[in-house]
Amino acid sequence: MTKKPGGPGKNRAINMLKRGLPRVFPLVGVKRVVMSLLDGRGPVRFVLALITFFKFTALAPTKALLGRWKAVEKSVAMKHLTSFKRELGTLIDAVNKRGRKQNKRGGNEGSIMWLASLAVVIACAGAMKLSNFQGKLLMTINNTDIADVIVIPTSKGENRCWVRAIDVGYMCEDTITYECPKLTMGNDPEDVDCWCDNQEVYVQYGRCTRTRHSKRSRRSVSVQTHGESSLVNKKEAWLDSTKATRYLMKTENWIIRNPGYAFLAAVLGWMLGSNNGQRVVFTILLLLVAPAYSFNCLGMGNRDFIEGASGATWVDLVLEGDSCLTIMANDKPTLDVRMINIEASQLAEVRSYCYHASVTDISTVARCPTTGEAHNEKRADSSYVCKQGFTDRGWGNGCGLFGKGSIDTCAKFSCTSKAIGRTIQPENIKYEVGIFVHGTTTSENHGNYSAQVGASQAAKFTVTPNAPSITLKLGDYGEVTLDCEPRSGLNTEAFYVMTVGSKSFLVHREWFHDLALPWTSPSSTAWRNRELLMEFEGAHATKQSVVALGSQEGGLHQALAGAIVVEYSSSVKLTSGHLKCRLKMDKLALKGTTYGMCTEKFSFAKNPADTGHGTVVIELSYSGSDGSCKIPIVSVASLNDMTPVGRLVTVNPFVATSSANSKVLVEMEPPFGDSYIVVGRGDKQINHHWHKAGSTLGKAFSTTLKGAQRLAALGDTAWDFGSIGGVFNSIGKAVHQVFGGAFRTLFGGMSWITQGLMGALLLWMGVNARDRSIALAFLATGGVLVFLATNVHADTGCAIDITRKEMRCGSGIFVHNDVEAWVDRYKYLPETPRSLAKIVHKAHKEGVCGVRSVTRLEHQMWEAVRDELNVLLKENAVDLSVVVNKPVGRYRSAPKRLSMTQEKFEMGWKAWGKSILFAPELANSTFVVDGPETKECPDEHRAWNSMQIEDFGFGITSTRVWLKIREESTDECDGAIIGTAVKGHVAVHSDLSYWIESRYNDTWKLERAVFGEVKSCTWPETHTLWGDDVEESELIIPHTIAGPKSKHNRREGYKTQNQGPWDENGIVLDFDYCPGTKVTITEDCGKRGPSVRTTTDSGKLITDWCCRSCSLPPLRFRTENGCWYGMEIRPVRHDETTLVRSQVDAFNGEMVDPFSAGPSGDVSGHPGGPSQEVDGQIDHSCGFGGPTCADAWGHHLH
């Protein structure tokens, strides 16, 4: 039973049934309502009204209110705001009507209004300032002035102005000035945020805020990437993240192109691992390492060992950045010569780029239509950047006519941060070198330069171009003299040092000059191209804002990926370069040779340690006090046989002091494998077992590899330790170990027959071996040898054996034998025929009608892939066929280039199989390769030199050479197949078609040249010997047909043979008499002209020849069609109509023969005639003294 409430509750103090509303103070209720609206709660209309209130009062709304504003739907918001607009219009009409009634009353009311306005002006005087600009009134305001109407008293009455700009801040350097136009009654403002009702004025305000930086453009400058540096460098490049991706791509290509090696690497990796995880890891590591040793794999160690012959008095060194040479010679102390530092000082500033700018003092002058062109007076100031334009004007922005009005905006540009480029002068490069003697050194003093200098065991010196020679005193060890040839290895004209912020980089000159940033020169303060860091925003009726771009430092750092980082303060430390020195050792002497042997016991103070260079350092403690005495130390293979093996790096080690427990460091080089280090004599003898990993053959292989790298890297200063006058009895030994390439290291020197027989023997032994591990090892090694014996494999880079007249690129070989026969085992292939077909199609659409091959190997490549290309074109519905014609004469150049594309054509298996058996039909349009020039496909519409070597692969009978499309346009020949060398008195420039040989006999002169074909590219300077200050008119083989710009390409009495028989086949240039002819030197001889064959059209021999000032024996060309003489040698009294002349002119169209004085049949080698005869003498002095020039230009290590 329930009881109804009510009865008992009547007498309570508070009746729960009749409780009314709580009593709240009215102001508290209002506060609650307003606070809920500020928090974004409440009816939409109230929220919008509150936001409008904040907008009109220039107050900042709360975040919650803004959040509610953003959440309101568009249709709802538009409905309420439209009603607000109607209400505002009603209020405006009411005010206008009220104003007219008040004016009729007159009297004191007008005076009262004027006083009120004056009071407002006085109240605003502390914030607003008045001045003049462009002949009109200028008011300077701040952000507190825009909340109310600004009243300015004028002679015409009060001028009321309204400013509704949203970018008004506090005053600072970032100001903006523009016109507030006068609007007549009843016109609404249009495209203006400031207007007045009486007369136009200018407004100025600052745009700075307390909470954030100035407004800046979102745009950024596009800076082209720098790319990888071409310098051989010891340090990592900046942000070099692209190499990992490129290396993975190269690994993939290597696996595809060398499946045999990849299979063997996978088998070896699988055999090495004991579980599946290890097998996968080992296989991946082997596949990643393998291509590093098949392409671009040659590395440089930072320490070389040089052993001199007995009685040697001097030795040639090549010091590289951060490298160290250890020199050992009989009866001489061992020396360490170390390149400590390469430094360039007094850098000249070239150009400064601004990468962070600021924009201040913006002013805009506007004019109405038909009132003339706007002109901003600040245009006269060079520190301002101005821009003129046109805007829409009319009644809503102060103009009586509608139309385009002129506007002129100026802004002051100033640079906040700049990047400075500096150039290095070769004469300001200095080299700091240290020499250290392997003497008696304790572990405390090892590496302590000051202590070693105090003991006369070390010295430092600086080499500069002005002071290349120095003599160092080494105390009891005598003295050494160094004569150096400073060559930085850095082309200072091609690189700049660029400083960005706190970092400095070595950048390419062309990249630096092409930067799209404002720049200035050292002699000027004006910035050029300032518009690149400024943005003129869209112009309004009378206002145009200008903003600066943000700092471009991040973009510059990103673009500099691949550049070399250097340290720069007042000088720059270089990490690329080398120094060639001759070290004279005749005054060096061993110390302690007369000391007796130590008789007390030695102990190992520390366990012997591996230096990482194949040597071991032993720290010995001597208990005796009978010093000074020599240390009996030796390395032996067995304790039962004390025959010394290995050698001491520290020659004649001794204990220098008589104090007990003195410590001495000794360095020695043990043999590969197991050995014992024995110290002491008799029962006081101690020993330590040592194992040195590696092999003698592997060491020799790595040494040869290192020499080949120096040949490629140093160019005309390539050198060879085995070619310096018999000073060395062994080549320079790089002691860093070579991982990978083990098979070629052990068996690469054998013939393929020996490799095959040995492989078969090992396979047989593996099959018959009982032990599983031995059997697998024999089978794997035998299989590798059989594979090597049946495949030609290669590394990139070419080496020359001058004695055998042999050039080797990888393991493929290119031989120039004694009977002048060229034998090549190379085969050019495109990267993929599918992509090449698409490239051909794209080029044909762009107006390229064909190509000119650079060499005969490229021509053969086009012949080999022609049918496959045509099938691809046909399968993809392209009405185009590739036609390969036989080349005529030399391989000519053409102006256009093929361009790369990522697209490829597709072809099915059926079409591919059909292409092997049948050639496709000829299409209506053709793409012509080589052949004679025709009207349908002239040379000016052909492409040339569009491909370069990407990689070397393998093949059964030939080395495969893979080509890719060049990324840049160049006339240079491909350097991947070029080798240059100087050895003894012979210098050679060679590639797969040229063998140009020069000899030293009193002077260097061209001796002979053999041409497989004649091409039209230019020989690269990076592979040119002695190319300083060479005049092209003296080059016998013209520069335009790949003649090296070298002083080796000269001979006394002869000038450039631009009209030689270069269109002939099988050309051999040498200096001798053509069979059955004689040449005499006489002043009455004819003038220089095109080369003439010694037989006429009918085969009659011309026996008598002459020249004016040539040297004998004469220059001749031997070709398949007969013997020709050089341009200086002319026939004596012969019918001109029967002569066979060369029709070639190897100069390009803009050049003329500098020795020509008449028509082609009467061309003189003497421009001034007989009275001004030119004898053709050439200065052959190399500046290093007679026959030693060969050493100055480097040597070849094959």
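Glycine is no exception: its Cβ is also placed from the backbone N, Cα and C atoms.
The feature disulfide bond is assigned by Swiss-Prot to Cys297-Cys324 (among others), with similarity to another entry given as support.
Residues within less than 8 Å, Cβ to Cβ, of Cys354 (disulfide bond) and separated from it by at least 6 positions along the same chain comprise Cys415, Thr416, Ser417, Lys418, Ala419, Leu517, Pro518, Trp519, Thr520, Trp527, Arg530, Leu533. The feature disulfide bond is assigned by Swiss-Prot to Cys354-Cys410 (among others).
Per Swiss-Prot, disulfide bond is recorded for Cys368-Cys399 (among others). Residue environment of Cys399 (disulfide bond) contains 22 other Cβ atoms, counted within 10 Å of its Cβ in all protein chains.
For Cys410 (disulfide bond), applying a Cβ distance below 8 Å and a minimum sequence separation of six or more within one chain yields Ile362, Ser363, Thr364, Asn376, Lys378, Arg379, Tyr384, Val385, Cys386. Marked as disulfide bond by Swiss-Prot on the basis of similarity to another entry: Cys386-Cys410 (among others).
Annotated disulfide bond per Swiss-Prot: Cys386-Cys415 (among others), in sequence order, evidence recorded as similarity to another entry.
Taken from Swiss-Prot, the feature disulfide bond covers Cys484-Cys581 (among others). For the recorded site, Cys581 (disulfide bond), the DSSP three-state label reads strand.
Taken from Swiss-Prot, the feature disulfide bond applies to Cys598-Cys629 (among others), supported by similarity to another entry. For Cys629 (disulfide bond), the same-chain residues lying six or more positions away in sequence with a CB closer than 8 A to its CB are Tyr595, Gly596, Met597, Cys598, Thr599, Phe654, Val655.
The annotation disulfide bond is assigned in Swiss-Prot to Cys798-Cys809 (among others) on the grounds of similarity to another entry.
DSSP gives Cys849 (disulfide bond) a coil state; it is part of no helix or strand. The Cβ neighbour count for Cys849 (disulfide bond), using a 10 Å radius over every protein chain in view, is 20. Annotated disulfide bond per Swiss-Prot: Cys849-Cys937 (among others), in sequence order, evidence recorded as similarity to another entry.
Cβ contacts within 10 Å of Cys1123 (disulfide bond), excluding its own Cβ and spanning all protein chains shown: 20. The annotation disulfide bond is assigned in Swiss-Prot to Cys1074-Cys1123 (among others).
Swiss-Prot lists Cys1085-Cys1106 (among others) with the feature disulfide bond. Annotation for Cys1106 (disulfide bond): spatial neighbours Val1079, Thr1080, Ile1081, Thr1082, Asp1084, Cys1085, Gly1086, Ile1129, Arg1130, Val1132, criterion Cβ-Cβ under 8 Å with sequence separation of six or more.
DSSP assigns Cys1110 (disulfide bond) to coil in the three-state reduction, outside any helix or strand. Residues annotated as disulfide bond in Swiss-Prot: Cys1107-Cys1110 (among others).
If you look up Swiss-Prot, you'll see 2-15 marked as region 'Interaction with host EXOC1', on the strength of similarity to another entry.
Same-chain residues lying 6 or more positions outside the region 'Fusion peptide' (392-405) and placing a CB less than 8 Å from one of its CB atoms are 179, 181-184, 187-192, 195, 200, 366-371, 374, 541-542. According to Swiss-Prot, the feature region 'Fusion peptide' maps to 392-405, an assignment based on similarity to another entry.
Taken from Swiss-Prot, the feature transmembrane segment applies to 110-130 (among others).
As annotated by Swiss-Prot, transmembrane segment applies to 254-274 (among others), with the evidence given as sequence analysis.
Ranking the disulfide-bonded residues Cys399, Cys1074, Cys1107, Cys1123 by Cα distance from Cys849 (disulfide bond) puts Cys1123 first. For Cys368 (disulfide bond), the nearest of the disulfide-bonded residues Cys324, Cys484, Cys937, Cys1110, Cys1123 in terms of C-alpha separation is Cys937.
Most buried of the disulfide-bonded residues Cys368, Cys1110, judged by other Cβ atoms within 10 Å, is Cys1110. Per Cα geometry, Cys1123 is the residue among the disulfide-bonded residues Cys399, Cys484, Cys1123 nearest to Cys1107 (disulfide bond).
When each of the disulfide-bonded residues Cys324, Cys484 is scored by how many other Cβ atoms sit within 10 Å of its Cβ, Cys324 comes out lowest. In this structure, the C-alpha atom of Cys484 (disulfide bond) lies 46 angstrom from that of Cys1074 (disulfide bond). Other C-beta atoms found within 10 angstroms of the C-beta of Cys415 (disulfide bond) number 17, with every protein chain shown included. When each of the disulfide-bonded residues Cys386, Cys937, Cys1085 is scored by how many other Cβ atoms sit within 10 Å of its Cβ, Cys386 comes out lowest. With respect to their backbone Cα atoms, Cys1074 (disulfide bond) and Cys399 (disulfide bond) stand 95 Å from each other. Around Cys1107 (disulfide bond), a 10 Å sphere centred on its CB holds 25 further CB atoms from the protein chains shown.
The Cβ of Cys598 (disulfide bond) has 26 other Cβ atoms within 10 Å, all protein chains considered.
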